[in-house]
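Visitor: For reference, the structure I am asking about is given below.
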Amino acid sequence: MYNETPIKRRPSTRIYVGNVPIGDGAPIAVQSMTNTKTTDVEATIAQIRALEKVGADIVRVSVPTMDAAEAFKIIKQSVNVPLVADIHFDYRIALKVAEYGVDCLRINPGNIGNEERIRSVVECARDKNIPIRIGVNGGSLEKDLMDKYKEPTPEALLESAMRHVDILDRMNFDQFKVSVKASDVFLAVESYRLLAKQIRQPLHLGITEAGGARAGSVKSAVGLGMLLAEGIGDTLRISLAADPVEEIKVGFDILKSLRIRSRGINFIACPSCSRQEFDVISTVNELERRLEDVTTAMDVSIIGCVVNGPGEALVSHIGLTGGHNKSGYYDEGERQKERFDNDNLVDSLEAKIRAKASQLANRIQVKDTTE
């Protein structure tokens, strides 16, 4: 129930991606990217809706061809979540999706072309009030920078980003955010640190091509956790070779662990040992599965014995401490007379957790209306 984070966010300007504020103290937005063929309109819409269901604030869609741009038009009309069009190589695609109501344009300095092409995109974005993301990637730096630095370095990623920041500055266009992604944690972290000292625009965080679900989640948590703990970052994407829905879940889990932004239940559970009075692992797994739909931020501790159980329960909204045959139940730190039969823990806990989630949601609603 410790709700306040000690982290002080880096000051930044604010932009809007659709109706989602980015920067200047706004909640850190969690986004993902579709991995369907964009021309498969039905599959892409279905995936976007699945992402929206688990809390995605923004969804990025690759638009590699003009056919994909035409598909994007239909997709945009069919979903509610703001969409970012991911544009590489052909700047004319950016102009086309701008006509179709895109909420943000992501361009890659390494392949979008010369300043004249960038100018065309910027003028279009200005006319239609569309923000831009300058998306630098260690795997696609400009050739002259690779010749200069020999390999991706923090200085190379920074120089690539600043070239295009300078172009936008000269054009008096300030509605943009920047990313300097790399697949190496230290390269990405140092690149973002350097960039954060140079500009005031919002920063989009990511460890690019992080890997599969397990390793990629760990790598992203380490890298983004370092930056977020320093107050750096205004929006993020977890890049996993996995179902994009998992990217959203991991993104919120990282923010939740730093108490920056919470969505859903924070389960505090012991790894279990021979002292456990019930099967902790199966209990937690089943509760996580059943309660995925709960969006209210709350802490639930599931501890298998009395060594740490009472202490964790004191700082949880709902706490369970393992006991012989029956386990102790806590509500907001207070031990209750009611005890739960260890053979029926999941059903009993689910009911209590859902009731507490509703109570907390109502409490927040009342607070909002009285302030």
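Just so it is clear, glycine is given a Cβ too, placed from its N, Cα and C backbone atoms.
Annotated [4Fe-4S] cluster binding site per Swiss-Prot: Cys270, Cys273, Cys305, Glu312, in sequence order, evidence recorded as sequence analysis.
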Visitor: Same chain, not part of Cys270, Cys273, Cys305, Glu312: whose C-beta falls within 8 angstroms of the C-beta centre of the [4Fe-4S] cluster site? Give them in sequence order.
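Guide: What remains near the Cβ centre is Pro271, Ser272, Arg275, Gln276, Val280, Ile303, Gly304, Val307, Asn308, Gly309, Gly322.
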Visitor: Would you mind ranking the binding-site residues Cys270, Cys273, Cys305 by how many other Cβ atoms sit within 10 Å of each Cβ and giving me the lowest?
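Guide: Result for the binding-site residues Cys270, Cys273, Cys305: minimum number of other Cβ atoms within 10 Å at Cys273.
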Visitor: Counting across all protein chains present, how many other Cβ atoms fall within 10 Å of the Cβ of Glu312 ([4Fe-4S] cluster binding site)?
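Guide: Here the count is 20.
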Visitor: Sort Glu312 ([4Fe-4S] cluster binding site) into helix, strand or coil using the DSSP assignment.
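Guide: Glu312 ([4Fe-4S] cluster binding site) sits in a helix per DSSP.
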